[in-house]
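Features as listed in TrEMBL:
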type	residues	note
SIGNAL	1-22	signal peptide
DISULFID	Cys32-Cys49	disulfide bond
DOMAIN	63-214	domain 'Cupin type-1'
BINDING	Asn109, His114, Glu119	oxalate binding site
BINDING	His112, His114, Glu119, His160	Mn(2+) binding site
Amino acid sequence: MKGVHFLATFVFLAFAASLAFASDPSPLQDFCVAINDTKDGVFVNGKFCKDPKLATANDFFFPGLNIARNTSNPVGSVVTPANVAQIPGLNTLGISLVRIDFAPYGGLNPPHTHPRATEILTVLEGTLYVGFVTSNPDNRLITKVLNPGDVFVFPVGLIHFQFNVGKTKASAIGALSSQNPGVITIANAVFGSTPPIRSDVLAKAFQVDKNIVDYLQKQFWYDNN
């Protein structure tokens with residue numbers, strides 16, 4: 001009889017646990033407006049899916065992450081993605097890569113966030129000062145200077161950056177826990193949005209004179225991604 005009670009209790013707890021952990025999958029795009037007519041559908045988990053019988057090796061292949069990119073731009077860095085846009089076979093697999101190249105003497109991958117992915121970064125060459133900021137109310141800055149072979153993790157959704165503090169070029173490879181991690185570069189989003197955020201809103205948020213906000217909004221905000 002005790003065995004029956006134990007089995008019943010085990011089944012109940014297993015069922016309860018399955019309910020506790022059940023949830024919608026993480027979104028793979030910024031938003032998804034529901035429709036009833038599928039002929040007007042755009043995304044299915046980020047992309048429509050090819051018939052598996054028609055898949056080829058090229059659907060799972062992307063060349064060239066060994067090639068350094070030109071970093072002659074205002075921020076001195078270039079991000080080369082290898083996500084579902086470049087590798088169709090990544091769809092639904094929840095992983096992607098980026099290569100980041102940095103110019104000497106201050107190449108910067110500006111503060112940004114990936115709304116759908118944690119990132120793990122390894123340095124290939126050079127010396128990088130990296131860090132992320134924790135969420136409110138602490139807003140604690142966690143930083144480290146990385147050298148070739150070092151690895152650092154940026155938790156999902158947190159603002160982070162990488163900065164070349166060396167006298168030579170630098171490069172790194174980042175792996176992200178989504179086939180479509182998304183990226184929001186903070187300065188671009190706040191001061192370069194279309195249409196622009198009202199300057200009085202930003203002046204109050206940043207506690208600065210409105211003329212400073214007007215100046216910043218007139219700048220060209222370079223996107224290195």
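Just so it is clear, glycine is given a Cβ too, placed from its N, Cα and C backbone atoms.
Here the features listed in TrEMBL are placed on the structure.
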residue : record               : contacts (Cβ under 8 Å, 6+ apart)
Cys49   : disulfide bond       : Asn91, Thr92
Asn109  : oxalate binding site : Val75, Ser77, Val79, Ile100, Phe102, Phe161, Gln162, Phe163, Asn224
His112  : Mn(2+) binding site  : Ile159, His160, Phe161, Val183, Ile184, Thr185, Ile186
His114  : oxalate binding site : Phe154, Val156, Gly157, Leu176, Ser178, Pro181, Gly182, Val183, Ile184
Glu119  : oxalate binding site : Val153, Phe154, His160, Gly174, Ala175, Leu176, Ser177, Pro181
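Excluding the listed site residues Asn109, His114, Glu119, the same chain places Val98, His112, Thr113, Ala117, Leu121, Phe154, His160, Gln162, Gly174, Leu176, Pro181, Val183 with Cβ atoms within 8 Å of the centre of the oxalate site Cβ atoms. A Cβ within 8 Å of the Cβ centre of His112, His114, Glu119, His160, the residues given for Mn(2+), is found for these other residues of the same chain: Thr113, Ala117, Phe132, Phe154, Leu158, Ile159, Pro181, Val183. Around the Cβ of His160 (Mn(2+) binding site), a 10 Å sphere holds 22 further Cβ atoms from the protein chains shown. Each residue in the domain 'Cupin type-1' (63-214) has a pLDDT score, and their mean in this model is 96.
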